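Some features that TrEMBL has for this protein:
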- 6-22: transmembrane segment (TRANSMEM)
- 29-51: transmembrane segment (TRANSMEM)
- 63-86: transmembrane segment (TRANSMEM)
- 107-131: transmembrane segment (TRANSMEM)
- 151-173: transmembrane segment (TRANSMEM)
- 201-219: transmembrane segment (TRANSMEM)
- 225-247: transmembrane segment (TRANSMEM)
- 327-347: transmembrane segment (TRANSMEM)
- 353-377: transmembrane segment (TRANSMEM)
- 389-413: transmembrane segment (TRANSMEM)
- 392-442: domain 'Cationic amino acid transporter C-terminal' (DOMAIN)
- 419-437: transmembrane segment (TRANSMEM)
Amino acid sequence: MVDPCAAALVLIVTGFLCLGIKESALAQGIATAVNVFAMLFVIIAGGYLGFKTGWTGYEVPTGYFPFGVDGMLAGSATVFFSYIGFDTVASTAEEAKNPKRDLPLGIALSLSICCCLYMLVSIVIVGLVPYYAMDPDTPISSAFASNGMQWAAYIITVGAVTALISTLMGSILPQPRILMAMARDGLLPSFFLDVNKHTQVPVNSTLATGIVASILAFFMDVSQLAGMVSVGTLLAFTMVAVSVLILRYVPPDEVPLPLSLQESIDSYKLRHNSDAQMINGENPAKSPGDPCLPLLGEKNVAVDCTVVEKLEALSSCTLDEENRRKIAGWTIMLICVGAFMLTFAASNLWFSSLIRFTLCGAGGLLLLSGLVILTCIDQDDERHNFGHAGGFICPFVPLLPISCILINVYLLINLEVATWVRVSVWLMVGVLIYIFYGRRHSSLLNAIYVPKAHVDEIYRSSGAIL
């Protein structure tokens, strides 16, 4: 079964996104405002009907949770794509005036508002009509029609259309920016790097995204697409949570710099070696520093006892730091394993009770132990300097990232097997692109790795902006 209308709508939205980010933001703002108005109408009018009729939807023999917590979470995993629009804010960071302030504020406010609206609409609709009596194609309008408000279907239809347009724009908008960033890093062909001088939009990336999306919308069912999008969103959120733990406890020791900064790096090495020779009483003119030496090359020099004691104390601290990083790295890995064991055993009811309780206990023990260990050990001192200076810092680490990993993995496991098969094929395509193109053209192929403590000074000496 094909859907030409869905494919045409995707192409229309894609063409509109090519006009510019300001025009797209204006249109999306109007569509969102209409959608919010429709949801407020559902909440207010539906609440009035619910109090008038006595909330008959909740008076069902099976109770409020007919399918239990597992059924609720399975449904949550399916509709998780509703939250995909929030990555649009992060993907358009390069086009924000003050991303350090605007991005966290925009994500937090929009997420809070949408969560409240989604929950209120669900509460009202489920209370108006029992879940088994709902029309699966038009649940909201049919709920009002069953209570004598057939005219409400027009308002709900307008809200649904604008919500569809807003969702399409929010889904397609970030992907071209991601493709452009990947092409900038050499993982995709330079075709995706083209930016229109007038609209400042990556046109090629936008058109490619729209064409692929329209093909999928033409051939695939909405439920199939929703499952694939939910898997992608949950996987991305899980990777972000794991990355937060890595950056807080075991961030990279070295940072790759482009080959264009070779001259600045060599100059910094010469200056560093010359300063070291002057401190050691040597003449840098007689023994010039070799730019091929490591940036932090070691020398055997005669120093007084006080300095030797300091170096010994420093070496002991370095050893402790290495052990801390090893413990943190293994702990993060065991947390991921524990989250998978716990959620997998809790979701599979066909396991025997002994196996389920054993796996749940082992997974829970790994999670709890990991939380205690990461709470007790110190976080990396460079966590505030890696990637950016200042700005938003994730709170409640490690509790919040571990909770995100646990919840996301549980939702992923509750998705259908057919959805995982489709996503696996999609991921395999990405792996093949990386193996045959991205791996050979990556910008990291000829990158120069330097200690992260010296990156800022190298960039300042080159006149670049980090």
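Cβ coordinates are placed from backbone N, Cα and C, and glycine is handled just like the others.
Looking just at the domain 'Cationic amino acid transporter C-terminal' (392-442), the mean pLDDT is 90. Per-stretch counts of Cβ pairs under 8 Å to the transmembrane segment (225-247) identify 327-347 as the leading one among 6-22, 201-219, 327-347, 353-377. DSSP states for the domain 'Cationic amino acid transporter C-terminal' (392-442), grouped as helix (H, G, I), strand (E, B) and coil, give 40 helix, 0 strand, 11 coil. Contact check: the transmembrane segment (6-22) against the transmembrane segment (201-219) gives at least three Cβ pairs closer than 8 Å, residues 6 or more apart, which meets the contact criterion.
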